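K.L.:
Pasting a structure here, questions to come.
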Amino acid sequence: MKLTTTQLDGVIIIEPTVHGDHRGWFMETYSESRLESEGVDITFVQDNHSFSAAKGTLRGLHYQINPKAQTKMVRCTRGAIYDVAVDIRKGSPTFGQWVGVELSEENKKQLLVPKGFAHGFMTLMENTEVQYKVDEVYSKEHDRGIRWNDSEIGIQWPLGTEPILSEKDEIAPLLGNAEYNFIYGE
Ligand SMILES: Cc1cn([C@H]2C[C@H](O)[C@@H](COP(=O)(O)OP(=O)(O)O[C@H]3O[C@H](C)C(=O)[C@H](O)[C@H]3O)O2)c(=O)[nH]c1=O
């Protein structure tokens, strides 16, 4: 397993070791002890799986506010996505900054998105499936969003076309009007 840091502290790219042979391949997609040995101490409590039929589907930017904030470990098991994390921790030196990574069935990369970050992805292929682990259960009451194209954040989404959005994401607030209660360093 290879871990690569990004310009946002705590947002980490994980590349599992792929064991190939004449039949195909095998990989450990999650190992609590391996992550702990790399200084990443998380216990996940829920697995999520979403399917998006169309290329250009955008889910996000989402997060749950404290006390139900979630760390997510995201991977794409079919197709490909552009996966984005945005720092929304008050007082953070990288507040409002974002990082994007292509995750795909082919590259088998994963993205670790810590609590205090908004998360979203755009599908790069049709029939894309995303699976991710979270360390806090879903809580509709704590679910919040930020507009995908907020110019204050300025995410450079890869496809020039208007994305396919949920009604919720169509009307998500801009960062300046969003509700979040994450404090840098806490
Ligand atoms: C997130 C979630 C949703 N749901 C239900 C609620 C709705 O009835 C339905 C679809 O939910 P939503 O439209 O919020 O799904 P996405 O747009 O894929 O949201 C997710 O997409 C971005 C990328 C994220 O990072 C979050 O994990 C999550 O917000 O599933 C559940 O039952 N459990 C859950 O954990």
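Positions of Cβ are set from backbone N, Cα and C atoms, glycine also.
All annotation found in TrEMBL is predicted automatically rather than curated by experts.
Copied straight from TrEMBL:
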- HIS62: active site, proton acceptor (ACT_SITE)
- TYR132: active site, proton donor (ACT_SITE)
K.L.:
Can you give me the same-chain residues 6 or more apart in sequence from the residue listed as 'active site, proton donor' with a CB-CB distance under 8 Å?
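P.N.:
For the residue listed as 'active site, proton donor', the qualifying residues are ASP47, ASN48, LYS72, MET73, VAL74, ARG75.
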K.L.:
So how many other Cβ atoms are close to HIS62 (active site, proton acceptor), meaning within 10 Å of its Cβ?
P.N.:
18
